Amino acid sequence: MYIKQTSIRGRWCWYFVTLLLLMIGEAIHQNEASVMFPDDWEEIKLKLDSQMQEPSSNDSDSSDTEGIAPVVPLEEPDMSEDDAENILDEIGVNSTNDDTDDIELRFFNGANTRILRYQQQYGLEQTGELDRATKISLRSPKCGLSNVAAHGEDLKWSTPSLTYYVRNTPSGIPSDTVKQILRNAFNQWSMVTNLEFVDSNDPAADIEIVFGGRSHDNRKGKCKNVLGDTSFAHAYYPQGGAIHFNTKFFPGSMSQDEFFTTAMHEIGHAIGLEHSVSQASLMFPIPVARFSAVPEPDVERIQLKYGKRQRLESTEIPTFCEVPKYDAVLYHQNKLVIIAGKYCYTKLKPGAEPTLLSEMWPGGPDTLDAAETFGLLTYLFKGDQVWAFKDARLQTGYPRKIHVAFPGLPRNLGDVVYDKQKYLYAFKKDHYWRYNTVNKDVDRSDEIEDYGVPGMIDAACFDSNKKRLFFFKDSMYPIKCM
């Protein structure tokens, strides 16, 4: 076994000519690795040109493992039809397009039309039956605003300057932290359209923000709409001026990043946007994605209401040769994909336009920590969450907590690599974890820098045909950029 290392202008790449299982296995623990330093970059560049831009069939999605899931299976919720009806009541899903629900119209040709309507709105297979995917979706936390609340009206504020008042904040988290998250969420909308938001101490402000339980108060008294067991929040369209967050979820099971996305979603309602059926939208009713800014589909929708703000900052998209480092390198649909920031690079040549990460995998995070393909599924990792996609379709029940889906793996990973046999290797700082995809557990964890691997990597990619593992640190170029 041998390890090769090369550098170009201070940027590093290591590749290991060995089986990954041996590289971080018994041979490594016997210190059999030797490190060699080739003199010129062209040797590595040519190997990457030929091997990585033309992946073998073993590196495609048609692997022998396509029928095996590496994660702990998601359990089907115990849910009766009455339970489902109660949830549909709480989130205002009805059998008809208006705000009515005739019990006689609920069943047509053997299908429950109320369930069918829910499946249409939430991107599920339209069976009209309370199947496994529908049960999982119904149990998932979601926005409690009825999809028919706007009745197709173009609701908007008549003034470009709006005030908001935070009536209270939840216990267990500093008030200043909550207000800063809300301020940042309002600013994201202000950056893309002609609206200004001012934090006010006046209870009569345009938008009132309240934290409470199922039954909660607002400035008019008792809120007429409850926050159901699966509702993380609800809001009111203009000129209603209110956002109510469910303290069952925040600051409990919902992280600050998740709350930030939730806050942007509810503000979207408060300034006039309805739900979207696209998982690439911030306004999809279940918070499947994690957004750091308002995504383009919602930017276009809100600008139709309030106009386009002239941005002063540059929005130039970096070319592949300009990215400072890679976040993930993987094979997807027989193509090598390099992910850096918000972008996916599939055409590795100067001047080629990248694709937004949120467009390639709608419903995923807009940036990520790690990614890997396993058979027909691609897994994206960000923070303590993991998303699973089949092609471009997010699988029902995702995102999930990493420690639940992959027991033993930590959060905030550097990257993950699958050896196309049995093991998935996760890297974080100077450690690795070997995850057994059959037993669904971690069976080894150790430091990696003792074996010639950099103490902290940015990305990794395994070539199962050539039995090579590529590590990436900072950036290196598989093609000629100059």
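Indices start at 1 and increase along the chain as displayed.
Every residue gets a Cβ built from N, Cα and C, even glycine.
Annotations in TrEMBL come from automatic prediction, not curation.
Quick caveat, the model's predicted, so the values are computed rather than measured.
The compositional bias 'Polar residues' annotation in TrEMBL covers 50-60. Marked as domain 'Peptidase metallopeptidase' by TrEMBL: 153-308. TrEMBL lists 50-80 with the feature region 'Disordered'. Feature annotation from TrEMBL assigns repeat 'Hemopexin' to 365-409, 410-455. Residues or ranges marked as transmembrane segment by TrEMBL: 12-29.
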TODO: Grab the same-chain neighbours of the repeat 'Hemopexin' (365-409) for me: Cβ-Cβ under 8 Å, and only residues 6 or more beyond its ends, written as numbers and ranges.
DONE: 61-63, 65-72, 74, 124, 132-133, 136-137, 140, 255, 257, 279, 288-293, 295, 327-328, 330-333, 339, 341-342, 356-358, 415-418, 424, 426, 433, 435, 437, 440-442, 459
- [ ] Report the DSSP secondary-structure composition of the repeat 'Hemopexin' (410-455) as helix, strand and coil residue counts.
- [x] 3 helix, 23 strand, 20 coil
- [ ] Could you give me the DSSP helix, strand and coil counts for the repeat 'Hemopexin' (365-409)?
- [x] 4 helix, 21 strand, 20 coil
Open item on the list: For the repeat 'Hemopexin' (410-455), what's the mean pLDDT in this predicted model?
Closed with: 88
